[in-house]
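Reviewing the structure listed below.
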Amino acid sequence: MLTIAGVEFESRLFTGTGKFSSSQLMMESIKASQSQLVTVAMKRIDLKTGADDLLSPLRQAGVRLLPNTSGARNAKEAIFAAELAREMLGTQWVKLEIHPDPKYLMPDAVETLAAAKTLCERGFIVMPYVHADPVLCRRLEEVGCAAVMPLASPIGTNQGLVTEPFIKMIIEQAKVPVVIDAGIGAPSHAAHAMELGADAVLVNTAIASSASPIDMALCFKDAVDCGRRAFEAGLGRVQTQAVHTSPLTGFLQQ
């Protein structure tokens, strides 16, 4: 069972709500994934009414909402978006995203750390999206973040675990859950992340942009489950030389 800020999650697959062709398809995919934590971009919500056709079905489905600050270019904008989410959605949870460059969508480490410190002081449950930087992740943990969300590769690229060496370091040192976010493009990527010891993965593009999002959601669910079970079972040690599984010459001496 995964626990974040005192809340237990049976599913270690978190999902997003963007890029789906319809709200109905989004909901069917989320249901198939069995995800219990779903991200929602504040920029998609009508600021005048707080309405969006995805909020009602998500609430009816009983999933926990994780509003994100996507679109924020600095700490000030991210803090404003988080406060808005708390007021409009009634949640302390926030996925902190600050990426000032719209071309590459790389997270701004300096602004993210500053925003995280302020938000944690204000009582938010902060889950920051960041580079796979072990030093930064430790700093975020120290200021009170409930989890860290290092990227596997650039958002939406489906490149997989390009940052694997650094993700391993983050997992090894972390005292809070590590959720691999961004760039996971195939169920095999998700399974591998879980085999490394990640606590969860967040997937959006790979499911939403699939020819069959519902089937892909099922695949990711199974991949995450299998990857976690493999990690808990204990993977065999990687060797540089061949190691025989049984004596090679014993029968010759009989």
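Keep in mind that glycine also has a Cβ here, set from the backbone N, Cα and C atoms.
The annotation active site, schiff-base intermediate with DXP is assigned in Swiss-Prot to Lys95 on the grounds of sequence analysis. Secondary structure at Lys95 (active site, schiff-base intermediate with DXP), taken from DSSP and collapsed to helix, strand or coil, is strand. Spatially close to Lys95 (active site, schiff-base intermediate with DXP) yet at least six residues away along the chain are Thr39, Leu66, Pro67, Asn68, Thr69, Met127, Pro128, Tyr129, Met149, judged by Cβ distances under 8 angstroms.
DSSP assigns Asn204 (1-deoxy-D-xylulose 5-phosphate binding site) to coil in the three-state reduction, placing it in neither a helix nor a strand. Cβ neighbour count for Asn204 (1-deoxy-D-xylulose 5-phosphate binding site) (all protein chains, 10 Å cutoff from its Cβ): 21. Per Swiss-Prot, 1-deoxy-D-xylulose 5-phosphate binding site is recorded for Gly156, Ala182, Gly183, Asn204, Thr205, and the stated evidence type is sequence analysis.
Pairwise Cα distances among Gly156, Ala182, Gly183, Asn204, Thr205, the recorded 1-deoxy-D-xylulose 5-phosphate-binding residues, top out at 9 Å. Within its own chain, Ala182 (1-deoxy-D-xylulose 5-phosphate binding site) has Tyr129, Leu151, Ala152, Ser153, Pro154, Ile155, Gly156, Leu202 as residues 6 or more apart in sequence whose C-beta sits under 8 angstroms from its own. One way to see the shell of the 1-deoxy-D-xylulose 5-phosphate site is to take the Cβ centroid of Gly156, Ala182, Gly183, Asn204, Thr205; the remaining same-chain residues with a Cβ within 8 Å of it are Pro154, Ile155, Thr157, Asn158, Asp181, Ile184, Gly185, Val203, Ala206.
Look at the Cβ of each of the binding-site residues Gly156, Gly183 and count the other Cβ atoms within 10 Å; the largest number goes with Gly183.
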